[in-house]
């Protein structure tokens, strides 16, 4: 048969198009081996409870995209966060060390040190040939003005917040991108034009596409559902009317008329974010060589109007954020890796955040550093080989008087008030028979309580940055940057005989109680109640019994605040009496806008002192005080 030159050309073009179509249709067939240095996508929610996913038991709302990952992958049922608040938990996640060893052990003015200290899993994977990115809320510092810190700690690409406090707002005025500050003129923190979650999702999808042809590690460190309670209105509005609501007034967190609907909308938004990441991986035909992990940094909060109890955020677990009961540290972990992880699996292996770095190291074909506390979970993920088991898991926490916890097999021990009683008694629970930790059996099983208490002593290595008794150890410049001022050289009274008789308001949910004004620690502070619904307005007052009549020449105030406009005292009065029937104040004063200790002349005598905070520097509802004393 004779073929004309034109027909041959047309036939050739058609053949090329058919070839391209066949290649596209069978793209997954030419992927690299799924277990040959797979991509890793680590998605971390903020303050998501163990039961805040329908695949974990939630019945008040649904999370279909995350449920799909669980149904097609592996669900861990005995997985724990690194700590019960953000910064130390994320430090454990990135370093592979528990809070008895890691440098960043508390929420405060501390950050990862420069290499070769505090080496992150990002640095290890980068050295192994991975492209690395962190998008969202940096876990490398609580409050750093250094937008390039994540890049120096192993992330080729960073876009997001370097301040945990700033990440409480969903309409940021500024974000950092590889050391450059990005501005969003239409945003004002609590309101605005550009929702941070949209920015982080779009950046993540674009980065995945740009790096699809090489092994990559993407850490999506998301804000939801941490307060503020805020989400684009379509997500909120579809849940309005489904729950009994009590409005949350404006305060540290924004006003919200439907906090439950908003919280559920935030979970729904988070679920859609996970679904969009999965969709992108499938569109690019790289899902089969990508491990996706989804988890949370600690248990659920009680802030901005959210009620963890009302929405059953923790299921059978007791407690929440800032607790060492399982409600504060036990979190979901969902693993999805098509073709490698069998569908519909669950695992009760006892594991924790510090297992992620050794797991990632094994996947990348590199040896983890010897100082890691974690174990690789690759045998559990792949179903190949024997899974190593922890002898124990250990946690420590420096707020609310100091806490320690140990999990060893089914046994769980918790020690409270470590600051005052470092060798004090422990609570003991058998999680096999008492998963809600309601029956303290320390007196019934003293040998086990003693063994776990010994582990607490062994696992805690003293830190150069903080101690249970003395709190954070800081130089003067650190103190100034963290809002802790200078003490006056004053002839102060001995406060040990003093007793606080009453306070009109204190923030018990995060441990900022009135007793902290007498603990001689400028790092700690009392704060009027600010969480929940209807926080009280001024005046805020407290009464102290000096134990005997004293002649007083001055009152000393050392103000403190949580955020730039949250509680710094402006106007205050002092009343002094020999009875609890106070007359008019002996003095009313206006304090300077300063964190340094300030002297208010008094010139009076009496046994009882009543201090009343009348206003704060931004004319908002709160009061906060680090230290209070009297001068002879």
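Just so you know, glycine gets a Cβ as well, placed from its N, Cα and C.
Between the listed ranges 463-489, 490-516, 517-543, TrEMBL ties the annotation region 'Disordered' to 463-489. This prediction places the mean pLDDT of the domain 'F5/8 type C' (504-628) at 85. Mapped onto DSSP classes, the domain 'F5/8 type C' (504-628) shows 8 helix, 62 strand, 55 coil.
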